[in-house]
Each structure stands twice: as structure tokens, then as C-alpha cells.
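Student: Summarising the annotation, Swiss-Prot assigns topological domain 'Mitochondrial intermembrane' to 1-26, 83-228 and lists sequence analysis as the type of evidence. According to Swiss-Prot, the feature transmembrane segment maps to 27-48, 63-82. Under the heading topological domain 'Mitochondrial matrix', Swiss-Prot lists 49-62. Taken from Swiss-Prot, the feature Cu cation A1 binding site applies to His161, Cys196, Cys200, Met207, supported by similarity to another entry. Here Swiss-Prot flags Cys196, Glu198, Cys200, His204 as Cu cation A2 binding site, drawing on similarity to another entry. Per Swiss-Prot, the feature Mg(2+) binding site maps to Glu198.
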Amino acid sequence: MSTWKSSLFLDSSSFLLEQLRFFHDHALLILNMITGAVAYIMISLLFNKYNHRFLLEGHTVETIWTILPAFTLIFIALPSLKLIYLIDEIRNPLVTLKTIGHQWYWTYEYSDFKKLEFDSYMLSYDNLNPFNFRLLEVDNRTILPYLSNIRLLTSSADVIHSWTIPSSGVKIDASPGRLNQMSFTLNRTGIFYGQCSEICGANHSFMPISIESISPSNFIKWVNKSSL
């Protein structure tokens, strides 16, 4: 999550967010070029001394401003389509994490392992230590291995929720009676925070998400310890 003195994007914790940032820069560059060209044309038209009172048509100009926007949209659409298919693609996941939203906490199930399921509640102010983030810390963190393809399944037991980790570029709705899925890969170790991003009731602001990314070997040790 964004913290103090932060006005830019978060440091990427997944390959997906890196691609989304590249696309953002690509689209922003094109938009800046369009804005500059339009501003230059408007200023030059306003401050020059040329006029044509009887100008009724200009086929050349109309052809130019029809073809150029078409090519511009193509240059924006192609990377966008690539990202859409990249987000939806599920390829040989090593870990499947099922997330169930409740009012107002999360339940996590590791479908690849037996007896590995827990609830995750926000820590109250009295239980925080000086190094915790207020409204973002939970009693049970979600443990995931880095450099591993992770399949995320989401659903809800009551109303619509949204499971979101901004630094990983992950945002997926958790709808009652429906199972949604997406995949992502964490590219480094660390602790990454998120929150429910769909207004789900009075305590919507108090159902945070906390992911702890660790090495695959330590993940296996944690699974063996938690499954006992």
C-alpha cells in the first residue's frame, strides 16, 4: 500500500505489475505527444495572421486526422491486448491459493495441501507493535513462495469483496456463488499489504490483506509445520 511521502508507483513485487507499469509509460508517452501536438496547432492557429473566410472543405486534412488516430489506437491496443491475455493465462501453477471473503475478514485455503486453512483478521490497535502498520496488519499472514507461478481463486460467503495487492498488480473480485481466478508470480521476498477494494459494509475498511513472500524451501517447511 502507499505510505507516507509516496507519490509514484509502489516498488513492483511481481512480474505482472512490471508489465502494467511499462504499458502505463507507453500510453502516457503517446498521450503527451498528442497533447503537445494539439496544443501547438491551437496556439499557432490563434496567433497567426492567416485567414480563409470561405474554407468549406479540406480532404487532405480530413484524411490525415482520420488515419493518424487509427494508428495511434493500434499502438495503444496491441500492448493492452497482450496484457489482458497475460493476466488471464493460467500456466502450470505450483501453488493454488483459495480466498473467501467474509464480513469482515478473509479465509485462506491451500488446495494443494491437506488441513491447511485459516482465517485472517485485522489486528486491533492494542495488539500492534511499534513496527506494524495501522489497519494493515493481520493475525495470520498469507505465506507464498516467490519465483513460483501462483493461481489465485476467489469467492465470497456473503457480499461482493475485492482481493487486492497493489504492489503485485493483483485485483480480483470475490463474488458470492462465483469462483474467479487469476495468476501472478512474486519476484522477491518481503511483506506486501492490500485491502478489500469493494465497499462491502460498515467495516469495509477493516479487512486488510498481508502477504509474506518467502523462498520455496522455507515455504515447504512452513507447510509441513502448519499441516501438523
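Note: Cβ is positioned from N, Cα and C throughout, glycine not excepted.
Quick one: how deep are these features, and who are their neighbours?
Tutor: All protein chains included, Met207 (Cu cation A1 binding site) registers 23 other Cβ atoms within 10 Å of its own Cβ.
The number of other Cβ atoms within 10 Å of the Cβ belonging to Cys196 (Cu cation A1 binding site), over all protein chains shown, comes to 25.
Every protein chain shown contributes to the tally, and the Cβ of Glu198 (Cu cation A2 binding site) ends up with 17 other Cβ atoms within 10 Å.
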Student: Would you mind listing the long-range same-chain contacts of the transmembrane segment (27-48), meaning Cβ under 8 Å and 6+ residues beyond its ends?
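Tutor: Residues 72, 75-76 contact the transmembrane segment (27-48) from elsewhere in the chain.
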Student: Cβ under 8 Å to the transmembrane segment (63-82), counting only same-chain residues 6 or more beyond its ends: which ones?
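Tutor: Contacts with the transmembrane segment (63-82): 22-23, 26-27, 30, 34.
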Student: Pop the Cα-Cα gap between Glu198 (Cu cation A2 binding site) and Met207 (Cu cation A1 binding site) into the table, whole Å please.
Tutor: 11
Student: I need the most crowded of these binding-site residues: His161, His204. Count other C-beta atoms within 10 angstroms of each C-beta and give me the top one.
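Tutor: Its Cβ has the most other Cβ atoms within 10 Å: His161.
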